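Taken from TrEMBL, the feature compositional bias 'Basic and acidic residues' applies to 342-358. Annotation comment: TrEMBL describes 63-318 as domain 'G-protein coupled receptors family 1 profile'. Under the heading region 'Disordered', TrEMBL lists 336-358. Under the heading transmembrane segment, TrEMBL lists 46-71, 83-108, 120-141, 162-182, 202-228, 266-290, 302-320.
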Amino acid sequence: MTSNNGSTLTAECDLFDNCTTGMNFYANTSGNSTADGPGRGGAGSLLPFAIAQPFLWFFMFISNLAVLLVYRRSLGFKTLTNYFVYNIAAADLCMSFNMLVQMVFFLWPVLSTSMSLCMLRLELMSFFTTVSLLSGFFATIDRFMVIVVHRHYHSVMSVRNVKLMIAVAWLYSFCFAAIPFFNNNWDTVGRCEFVTVVPAWYIVYGSSQNVVSTVVEIILYVAIFHVANRRRRVFKRELTLSSNGAGSGVTARVPKEQQSLRGAKFMGIVLIAYSLCWTPFAVLGYIQIYCYHPTLTMVRMVTVYLGISNSLLNPIIYAWQKREFREGLKRLLGRHTTTGRVHPEGSTRRTSLTDRHS
């Protein structure tokens, strides 16, 4: 397989009929299309995406803005986990602004005929996508540290180290997204379509990031569930002894243990949502390098929106399941409650494992 500067992508397409590869596709078509748009699909096939974009942007913007405001004004940063949740919301809020950019290019396709504007569009998409992925990945590491190696949590995950991880996510994403500005196929393709205008190795590398991060998260969650199940069995034995008069300390731990178990199960939802949203996008990236076809490009557009929708799910997964967040949101909206007092996580330096994780 070769790419760049007039080279052709040659591959056998055994799985798809009428599949043309690389530059051979452009020899049989004419005109320009928008990025990641099918060359022969027509405007009608893109209409569902045009309709979906404003709604997706609105809910992404509102939900992630709510997370940022609640954490800034109410929950604060009294635990290190809150830094990651805040950063995830910030990355996803930026992704919503990226949706606006994509809508502008969709409404005015002539913008895609400029190499600089095309590369800017692709860079923004790649930048915010990578930031969102890395932010969620680092948050997973944080949760792994909280549950599995919680005794060493504060010795490893200091405020300084957490901020460093967040900075690395943004800096690395910016550098990775800037590569197409300096290495692209625009001179030979002249078409603002991601799978053809950027080098093949760039697509492979980007798709591999998604796949590797998913595999690592699966490994981490397996360890998390293993520890959670082991603690549940130990807790049941202790609870049995406590019911026979061995002590009352175990009984007092019932709510915390149950909350910890619910949190462990909930992180399974995190993994499922992440995998369902981003894995199809990565797999289609691999396929289209070897087998380019307008139908596959349309499918890839669907996977792009599926991946972006993860930014809409993140506020629910990482924040809205928290009682403290719901109370903070009520106060933000002016719905003050007279019963109960919200106790943000981490009222002390060393909060319990369950409180930090919930």
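From the backbone N, Cα and C atoms, a Cβ is placed for every residue, glycine too.
Put simply, of 46-71, 120-141, 162-182, 266-290, 302-320, the stretch with the most CB pairs closer than 8 A to the transmembrane segment (83-108) is 46-71.
Contact counts against the transmembrane segment (46-71), taken as Cβ pairs under 8 Å, peak for 302-320 among the stretches 162-182, 202-228, 266-290, 302-320. Residues of the same chain lying 6 or more positions beyond the ends of the transmembrane segment (266-290) and with a Cβ under 8 Å from any Cβ of it are 1, 9, 11-13, 21, 133, 136, 140, 143, 195, 200, 203-204, 206-211, 214, 217-218, 221, 224-225, 296-297, 299-300, 303-304, 306-307, 309-310, 313, 317-318, 321.
Counting residues 6+ beyond its ends, the transmembrane segment (302-320) has Cβ neighbours under 8 Å at 36, 49, 52, 56, 59-60, 63-64, 66-67, 70-71, 85, 88-89, 91-92, 95-96, 99, 129, 132, 136, 139, 266, 269-270, 273-274, 276-278, 280-281, 284, 326 in the same chain.
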